[in-house]
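Listed in TrEMBL for this protein:
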type     : residues  : note
ACT_SITE : E119      : active site, proton donor
ACT_SITE : D252      : active site
DISULFID : C316-C345 : disulfide bond
ACT_SITE : E359      : active site, proton donor
ACT_SITE : E387      : active site
BINDING  : T476      : Ca(2+) binding site
Amino acid sequence: DQATEPPPSTNEKETFRSELSFLIHPFVFVVSIGPVDRLEAVCDAFRHAWKGYKDYAWGHDELKPISRSFGEWFGLGLTLIDSLDTMWILGLKEEFAEAKDWVKKELSFDKNVDVNLFETTIRVLGGLLSTYHLTGDQLFLEKAKDLGSRLMPAFKTPSKIPFSDVNIGKGTAHPPRWTSDSTLAEVTSIQLEFRELSRLTQDPQYQEVVNEVMKLVHKLPGKQDGLVPMFINTNSGQFTHKGVYTLGARADSYYEYLLKQWIQGGKTEDDLLEDYLQAVEGVKKHLVRQTGVSKLTFVGELSHSRFNPKMDHLVCFLPGTLALGAHNGLPGDHMDLAVQLMETCHQMYKQMETGLSPEIVHFNLQASDGQDVFVKLADRHNLLRPETVESLFYMYRFTKDTKYRDWGWEILNSFNNYTKVPGGGYTSINNVRDPVNPGPRDKMESFFLGETLKYLYLLFSDDMELLNLDKYVFNTEAHALPIWPSPPK
């Protein structure tokens, strides 16, 4: 199967090409000085982040850059594995070689530890599969197979809706301590990875268990025009906490994975497309509003028929997803909405004193008051999240409008100004409204390297073949998986 054997040399060729372009076309200096500088700036940011990780947190899950120590979540080297494909894409060969050596010698899943099914799937399984595809190195596929088989006990539930947590050493699984519910986003955002694992191993069990979840959710009562509640019970298989609809935390990637599974599978699975199209209509009908002052379009939340003009930064994945759908032949008004929402996500950065978006904003629906955006004290933190730069990458790829690059460049500069830690690493901050004391939180999430910097690099790269969006689909942690070849007619 050609598609599973990516030529390892392509990326090297591309890196070479860009290095040589100066020699072949001396005028490139004038034409490309912006993009070339910007790409190098992303590489510098990555190296700085990686230096902190290597010096103080090597082999651990997360760097604490202020205290120069580390945090452990599952004990699986999260940051290292999340970063593998980023290093490959950025051409950081030495760093990649060191990390690969750690994977080979140190990474073991044979440990008595509870991991979150969703987080481990998107970060570790996704990271290993993506790196396998980019490099062609069997080591990463072997590790992915080992992990995939250890995650399977999560699906042994009365309803076939998986438990949130699984012990990868003991082969046992359980819901969180406080409930027998799983989060809807978590059980419906592991499909791309498990399906791909089945395709690569020729073992159908992985695809079967995750497809079963989608089939169940497809026909469940309790949706509102395609919008889904945030929780689902692992015993009954029914939605719980009905009547609350959001595109933020606990539901966001359900919508993203409807579209992306349809694309991954060669656009053959009609139920997925139907659910996605219906959901977009539901979003437009129930959740999309405009601010009273500047007419910024945003996506709010619905709680028992009451509209709340609250939007998580997480929702900024949506412009990119809508644009990806439109690129794949879905209605043009999806792209119109993407353009409007992208502007709003940009304003969530631009209107803050540090140039960085808070975790959550509230929008003003009244025309009288001069402000569009309010941020509550508890919501002023920034976790180095990727969603806005992710969408900027899609918008630039599909429109070639350079403003999206400029907005990304502003964001990178703000990260450098307010979150960069002198000894190495970047830190989440407490207050995006206080440039004098943003309040470092002493934590660098793995997704800053796995997603945020990767999407910035892809946004600034002129090489449209670098992860061509007609050949790859990104999981929700920015790990690229191949779009499957169409079955013969």
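For all residues, glycine too, the Cβ spot is worked out from N, Cα and C.
Checking each of the recorded positions (E119, D252, E387, T476) against C345 (disulfide bond), the C-alpha distance stays within 10 Å for E387. For C345 (disulfide bond), the Cβ neighbour count at a 10 Å cut-off comes to 29, with all displayed protein chains included. In sequence order, A185, T246, D312, L314, V315, F317 constitute the residues six or more apart from D252 (active site) in its chain with CB-CB distances below 8 Å.
Listed in sequence order, D312, H313, D379, R380, H381, N382, L383, R385 are the same-chain residues six or more apart from E359 (active site, proton donor) with CB atoms under 8 A from its CB.
E387 (active site) and the residue listed as 'Ca(2+) binding site' have their C-alpha atoms 10 Å apart, to the nearest angstrom. It is 19 Å from the Cα atom of C316 (disulfide bond) to that of E119 (active site, proton donor). Calculated from their C-alpha atoms, the gap between the residue listed as 'Ca(2+) binding site' and E119 (active site, proton donor) amounts to 10 Å.
Cβ contacts within 10 Å of E119 (active site, proton donor), excluding its own Cβ and spanning all protein chains shown: 18.
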